[in-house]
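Only one structure is covered here, and it is reproduced in the block below.
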Amino acid sequence: MGLRFVVRHFFLWRVPDYLAAIIIAVVAALVGAKVRPHCRAVDWSDPTIGHPFATTEVFPMYSVAIAVVFVAVVYVVGELCTRWRRPAGKLNMCLHLNGWVLTHVWSILLAFAFVNLTKLYAGRLRPDFLSRLARDGITETSWAAMSHAAQCRTAREGRLSFPSGHSGTAFSGYVPPCMYLMGLFRALNGGRLWLVTIALLPLILPITIAVSRTNDYRHNFDDILAGSICGALCGVFAVVLCFRPSTRGEWTLREHPDDVVGVAAAPASFDDERLVVAGYVPGNRETDAKSMAADYDPPTPGVPTSPAQHRGRREQTGAAAPSPREKPINSAGESWDGDARSRGSYESDARVSEVHVTPPPDIYRTARAQGQSGGGVADHRGADPAGRRKSTGENSVAVPIAAHAGNPTGRSSVRQ
């Protein structure tokens, strides 16, 4: 747990991006609260600003905040259902989940900053602006007697109509989940229209929130349209900035390769994050060892493929007993190594199938005695002890065995 570990995880989990989004939102909130909005002239005969003031809103701001935060559960459920058991491991799932949470936060805070700053520059009067002045005890006569600076300081919230903050927040909080569902349903790769329709169904809530602002006489229709477009664009921008469509039609982090699906593997640990980001998929070590052994030396019929089988073969042929240093087999890699060591492949760097087992001296004496007595058995001392491959290109395995009933020649040759 040193400084290097902290720095690596600081960037792995994209903490600078979170900090940047929070700083932008804090600056926008301070500017929106302290800076005076553009002061427009007030026409007391204008009917567009003479609507009554609604004391109760259909969707208060706290309900919108709860809605856009609660919808983030979609990311958790979706990632648990898709990437939890994939070969890339749980770390890859956590990184994608972190990417979607960051996208959600970026979308909402970016829309909040744009909407707040635009409100100040526009300074458009709300539809209930005159009712707000009446609640403060200001009439047309007293208004005319006020200075311009005093008029601009009056009913500050009534000058923040364009664009709609509720609409921008609602759409910025629901566009990323809808795009996530499109990737979850593989709608990005020639998906069916009914799947796209299901993925876009959550947009009903932000549309309802936006329209309700006109029922409360807080905004005009063009206000909610501008806020909705701003929020939707921020959502699309945040998703496209962090993710890309994969070949399978789902969203994948831009710095990550496409996921491999359908291969069982051991889950990755949090120490493998650099390998995962680089595209390496940690797999099952025992399965990898078996696969490597099969590719290097495929088993040959009739030839022992493990130390246990090799010991049984030596007992049948009268060869020397196994070495007491042979250890029990704990994995496929040790089985392969023990098999190669028992055949002497480490001495000549030859393939296991190319190694000849050199018989002990007692078998040589038995074979020579049979040859002198006319048994027809050739002397084996002229054989090449290294057991190299013949010039014909065949991989022959010659295992000398003791003469017994049913095999008077004393030799068994197995072709691979």
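Backbone N, Cα and C define each Cβ position, glycine as well.
What TrEMBL says about a protein is an automatic prediction, not a curated fact.
Summarising the annotation, TrEMBL assigns transmembrane segment to 18-37, 58-77, 97-117, 193-212, 224-243. Per TrEMBL, domain 'Phosphatidic acid phosphatase type 2/haloperoxidase' is recorded for 101-239. According to TrEMBL, the region 'Disordered' annotation covers 290-416. The annotation compositional bias 'Basic and acidic residues' is assigned in TrEMBL to 338-354, 378-387.
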| request: Given the cut-off of 8 Å on Cβ pairs that are 6 or more apart in sequence, determine whether the transmembrane segment (18-37) and the transmembrane segment (97-117) share at least 3 such pairs. | output: yes
| task | Would you report the average pLDDT that the model assigns to the domain 'Phosphatidic acid phosphatase type 2/haloperoxidase' (101-239)? | result | 95
| note | Near the transmembrane segment (58-77) in space but 6 or more residues beyond its ends, with Cβ under 8 Å, are 97, 100-101, 104, 108, 165-166, 169-170, 172-174, 177, 180-181, 202, 205, 208-209, 212-213, 215-216
| said: Treating G and I as helix alongside H, and B as strand alongside E, what does DSSP give for the domain 'Phosphatidic acid phosphatase type 2/haloperoxidase' (101-239) in helix, strand and coil? | reply: 107 helix, 0 strand, 32 coil
| remark: Outside the transmembrane segment (224-243), at least 6 residues beyond either end, the same-chain residues with a Cβ under 8 Å of its Cβ set are 99, 102-104, 106-108, 110-111, 114-115, 118, 162-176, 179-180, 183, 206-207, 210-211, 213-214, 251-254
